[in-house]
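Below is one structure, written out as structure tokens; the observations come after it.
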Amino acid sequence: MKDENSISFLSSNENYLYDKSENELRPKVFEDFKGQVNVKETLSIFIRASKERDEALDHVFLSGPPGLGKTTLASIIAFEMNASIKITSAPAFDKPKDIIGILTGLDEKSVLFIDEIHRLRPIIEEMLCIAMEDYELDWVIGQGANARTVRMPLPKFTLIGATTKPGKVTSPLYARFGITARFELYSEIELVEIIKRNSLILNIEIEEDAAFLLARSSRGTPRIANRLLRRIRDIAQVTGSLVITSDIVSIGLEMLRIDGEGLDEQDRNILRSLILKFNGGPVGVDTLAISVGETADSLEDFYEPYLIMKGFISRTHRGRKATEFAYLHLNLEMKEDGLNENQRVSF
């Protein structure tokens, strides 16, 4: 049996799932995992109950925008269950033998984390559904008239599936998950807690005002907050400062072309395109994405959640529309018979 709490990756392509440079900042236990209070409280109860019964935790489905900690939480779940975890993503399963090798190599009560689970191939999904429900695996040996099906027992394991597109997960697969949780964008207060905790890990002090300014520019996403914190730390180091001040954060954000609302250059390009090319909308997501050189998936997964949360874009049945707040932010005049551009904000 493998060591408890071990973390293994099933492909070198999983770097985006668990960046080693970010590993030192990842919380290892629930106590250090900031935000997502309801998710943590619910999971804590289910984990405790499973441990008291000496059973594997039921399968867990995690959804929400990227960068909110789904992979990190999966590792924490494994830690709390005293179990090993294997981390992979749906595109890594190309053929049935890929999933067979992984499932047969699992330990009792171990955790298998699959990111982008909505991208599973149908034949892989069918095999996984059987494994999740019956803890058995049907394996076809031979071909043609000589083919026969061998049923292999599997250990009682926990599958944690994560996705940014829960609507694309099929009903049969979704029904196999006994626990579901949705991640929401973090509040500024929660991000401040994360930034202050991680600044200590990075051996740099940060002032309260500076932490709030950094949090306000992090799009409600811990991954972005951590990335910005590292870059601001670089600036503080080069300028000879032992403390990150609000002035240093402002310098860093200006260098990175991030404005006071946390919008970067591409965010502003999206708003400008929506207003200037499509008269404020409504316009379909595919058309809007093409106009700014993005895919519809990246627009919906990365940019839209924050722009909608901040009130810059509204989503209607006819498409995306720019709000009055978007016009004000870009210093554009909103008129019923068209638009006059008064002055663009320069960054």
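Positions of Cβ are set from backbone N, Cα and C atoms, glycine also.
Pulled from Swiss-Prot:
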BINDING   LEU25, ARG26, GLY67, LYS70, THR71, THR72, GLU133, ASP134, TYR135, ARG176, TYR186, ARG223  ATP binding site
BINDING   THR71  Mg(2+) binding site
BINDING   ARG315, ARG320  DNA binding site
REGION    1-186  region 'Large ATPase domain (RuvB-L)'
REGION    187-257  region 'Small ATPAse domain (RuvB-S)'
REGION    260-347  region 'Head domain (RuvB-H)'
Cβ neighbour count (within 10 Å, all chains shown) around ARG315 (DNA binding site): 15
Fewest other Cβ within 10 angstroms of its own Cβ, chosen from the binding-site residues TYR135, TYR186: TYR135
Close in space, distant in sequence - GLY67 (ATP binding site), Cβ under 8 Å, 6 or more apart: THR221, PRO222, ARG223, ILE224
Lowest local Cβ density among LEU25, THR71, GLU133, ARG320, which the record lists as binding-site residues, within 10 Å: GLU133
Residue counts (helix, strand, coil, in that order) that DSSP gives for the region 'Small ATPAse domain (RuvB-S)' (187-257): 50 helix, 4 strand, 17 coil
Spatially closest candidate among THR71, TYR135, TYR186, the listed binding-site residues, to ARG320 (DNA binding site) (Cα to Cα): TYR186
Counts of helix, strand and coil residues, the region 'Head domain (RuvB-H)' (260-347), according to DSSP: 40 helix, 17 strand, 31 coil
Residue from THR71, GLU133, TYR135, TYR186 whose C-alpha is spatially nearest that of ARG315 (DNA binding site), among the binding-site residues: TYR186
Recorded ATP binding residues, LEU25, ARG26, GLY67, LYS70, THR71, THR72, GLU133, ASP134, TYR135, ARG176, TYR186, ARG223 - maximal Cα separation rounded to whole Å: 37
